[in-house]
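J.: Okay, these came from TrEMBL:
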- 1-78: region 'Disordered' (REGION)
- 1-11: compositional bias 'Polar residues' (COMPBIAS)
- 32-42: compositional bias 'Low complexity' (COMPBIAS)
- 67-78: compositional bias 'Gly residues' (COMPBIAS)
- 93-117: region 'Disordered' (REGION)
- 136-390: domain 'Protein kinase' (DOMAIN)
- Lys166: ATP binding site (BINDING)
- 435-512: region 'Disordered' (REGION)
- 448-460: compositional bias 'Polar residues' (COMPBIAS)
- 465-479: compositional bias 'Low complexity' (COMPBIAS)
- 495-512: compositional bias 'Polar residues' (COMPBIAS)
- 604-641: region 'Disordered' (REGION)
- 674-740: coiled coil (COILED)
- 927-966: coiled coil (COILED)
- 981-1012: region 'Disordered' (REGION)
- 991-1012: compositional bias 'Polar residues' (COMPBIAS)
Amino acid sequence: MLCQASYSQADGLTEDGNKLAQVWVEDHPKQGGSSSSSSPLAHGGGSRRDLKLEVKGGNGEAASSGACGGGGGAYRKSSAGGGGGGGGGGGGGGVGAGGNSNRHSQIMPAGTPRPGSLKDPEIADLFEKNDPEKIFEDLREIGHGSFGAVYYARCTVTKEIVAIKKMSYLGKQTYEKWQDILKEIRFLRQLKHPNTIEYKGCYLRDHTAWLVMEYCLGSASDIIEVHKRPLKEEEIAAICEGVLRGLNYLHSLGKIHRDVKAGNILLTDNGTVKLADFGSASIKCPANSFVGTPYWMAPEVILAMDEGQYDGKVDVWSLGITCIELAERKPPYFNMNAMSALYHIAQNERPTLHSSEWTDGFRHFVEVCLTKSPNERPTSGKLLSQHTFITRSRSSNVLVDLINRTKAAVRELDNLNYRKMKKILMIDTCETESQIGDADDTPDEQTGGDSSKSNSITSEHSIHSMGVSASSQSSSTNSLPLHNADSNDGYGGSLRNQRSHAGNKMPTSTGMTANLIEHGANNFATIRTTSIVTKQQKEHMQEEMHEQMSGYKRMRREQHGALVKLEERCKAEVDSHKQLLEKEYENLMQQFSKELEKLQARHHQELDRKLKQNQNAEKKLHKEITSRQEADRKALETQQKKEYKAYKERWKKELSQDEMTPKRLRDATLQSHKDNLKQSEAQEEQRLQRGQREYLDLEIRKFRRKKLLSYHALEQELLREELNKRQQQLEQAHAMLLRHHEKTQELEYRQQRAVHALREEQIHWQHSTELSNQRDYMQRAERDLRKKHALELKQQPKSLKQKEMQIRKQFRETCKIQTRQYKALKAQILQTTPKDEQKAVIKKLKEEQRRKLALLGEQYEQSISEMLQKQSIRLDESQEIECQILKQRLNRELEILMAYQSKNKMHAESQRDRERRELEERVLVRRALLEKKLEDETQKILDERSERIRLLHEKHERELQQFDEESARSGLSALAIAEASKESYPDDESLSGSMLSLVHSNSSTSFPPNSL
């Protein structure tokens, strides 16, 4: 009983120690990273859309790596994705290195095969055995990112158009890159759904993995960038339905996308919505990594490192932000720094649609998607099946029509740019050549109307970190040749439609038509304009934001790694502490068990020895009494013989004196006297034997009763000794448990202080870094504005010259009008004026003309002067206003950041206080439970003590009662025996002291429980 109760208490102590580590460090799931899939497209509109953050959770939950090189920074630009220029395969994931977040060295784990080795059958099974360069042809780079490049290609075996992501694992972090590639492949191989990018295979060549995926036209972000306006509500609903189907599939597999945005939503030629870019995906749900693109991140993802885990509902939030992006062309907070956006998302109310033109159903859909509480936010499956915005009827060709309109817009925009460029190139030629060139332009546009489909370089939201290569830049409306290829993969229908669409514009020349039919199959389709690519290239020239975010991510990852290490160290210390306490307690229990066994064995020996002593003493007493009685009998016999002899002599003497009596009578009388004497002696002897027998029985009964009492006293004494020993052991065990509690409490407090100190230091360093990043951002914004103003000032003379030329042109027109008026007036006057007066009139008219021209000249000079003055003042005022607006915005963002940091610091402090209070409460509760358990055990041992004493008393009373009943049945007085049993025997003086205190009594106070 004691051992069991104590062990359960020890377990209770150490279990809380294990729970403590879970409270201190938000964990996560175990190792393993989800593979990243590529992003066939990305979005347009600015590199900030693609800055992704990732700080891995625990040793645990793994966010997949976006591409092979993603190990570095906190914000990683999203990879290229086959989109835009072609979708499919592209782009790796936007967020940093997948795999274990605690990697801080490049030392490969012992026994791990080198990167690129296919000796492991499991790894070799991930790759195809063929040479990819012999299987794929017509490779054109359509995207580039930190992971590598994405290419448009055609499979020579299946004639299928695909997107290929080439990922090299050479250079720094080779092992991590290789692991990221393997994870991405494993992740993509698990996906098989109409609304996720299809995996085609993977090849190895020259330290480079060729990841082959299906090819798509472009992303939803490309569409809004092309049209420069939001999508229609039914188009958004159709896209959301496809996204929800893909998300519901992922969530059913226990995976989280974590980077849902318009740039990662791809569209095929037949209007199918495809989820892409699984670089941020998590194969574990729930997760706790700080991963994603800032503007689309859910609040619980931003707070994951501080407040715990999240699940697939973060994708529902991102979908709600994507709806706003599709409806307003940009996500909320997009005009501010990405870091500031994170703070706004975390602390502000949910964003809403600004325009009133949207229906209540769409507004409600966005509202429920952007519910801040994850518990109240619906799942993707619930939205897909129950929300009216998704389930209401709409045309099945919504997305197909949208894609066709986008293709037409792309052609128009690219043709317009082509004509502008042609005019610029031909501006120095003669008028005739220019007209010929314009005339030639028309059939070119008609012939190449669909050739704009080949402009796809990459999805605007996917290629950021490394820019677009020269081969991508060379893709233009007239730079890609057309080749023949029969497509049977679903793209053929799209291409045939495009050819027929273009054919309406083409001349009826048989040769031209045949040429298009022959080469059109190789002209890959796109919904991106060349201007998008050019704009994207310029944005990628600036890497300051990327470096800043990379540094921030490294800091957060290192901080999390430090927390994980501390948590592991605390857990190891708790485990060691638990084992030490358990071992110490187990040793004490074993020692107690041995001591009790020895004590019980000694007690058995003493009782056996006492029993033998009693038996020997009884035999000795019996022998003494029998020997004494034998002597008495012999003495009686001797006395009887003497008396007989004396009586005989006396009788003979008396009879001899009586001579009157005959001899025969005298003999008879003598014989009669002898017989009477013998009879009397026999009776006396019988009386003596009977008395001796009674005396022997009485003495034996008295001796036995006395020895029984003595034996009972010994049993009581031994029981008292055993119970005292148990009480002493219990007190020692309780003292050890209390000491263990104090040690555990001290360990918990020490570990909590260490964790809190580390967190406080990390928050201080994080806030310092965030302030530094914000100030860098402010300086960069002010520097960019100064550059813009300097450029405006530099361009001002050109603008002024144009204005001056415009005024001069107006002046020339006025002069021409006045000259014509003068000539007309002169002719009219000459007709009506006599000839002799004409000279004076002409002179007067010339003077009037000169005066008006002079006045016009003054007006011209005054107009020029006023124009220069107004332009200068207007430029200065506008620049000053821009500076003020920028400073106000930046100061407001800085104030918001500092306010959020202050709030975050207060929240962290309150969380630490709460954890301290919780730990104190747990310790107090555990101490109270321990004391209650100790009290219960003490009371239990006291109850057991009283019970055993009571049972022993009852046993002794029962034995004495049986003994007295046997004595009474033997005809002996039980009371006399009881009184006589108090007498001591010479050979039993050693027991007399104890026997005096053990006189039987029916009183319950004769042997009180507390006396033991």
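Using the three backbone atoms N, Cα and C, a Cβ is placed for every residue, glycine included.
Unlike curated records, TrEMBL annotations are generated automatically.
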J.: Looking only at the coiled coil (674-740), report the model's average pLDDT.
T.: 89
J.: Do any residues, 6 or more residues outside the region 'Disordered' (604-641), come within under 8 Å Cβ-to-Cβ of it, and if so which ones?
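T.: Same-chain residues near the region 'Disordered' (604-641) but 6 or more away: 681, 684-685, 688-689, 692, 695-696, 699-700, 703-704, 707, 710-711, 714-715, 718, 985, 987-988.
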J.: With every protein chain in view, how many other Cβ atoms are within 10 Å of the Cβ of Lys166 (ATP binding site)?
T.: 21
J.: Could you put numbers on the helix, strand and coil content of the region 'Disordered' (604-641), residue by residue per DSSP?
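T.: Per DSSP, the residues of the region 'Disordered' (604-641) fall into 38 helix, 0 strand, 0 coil.
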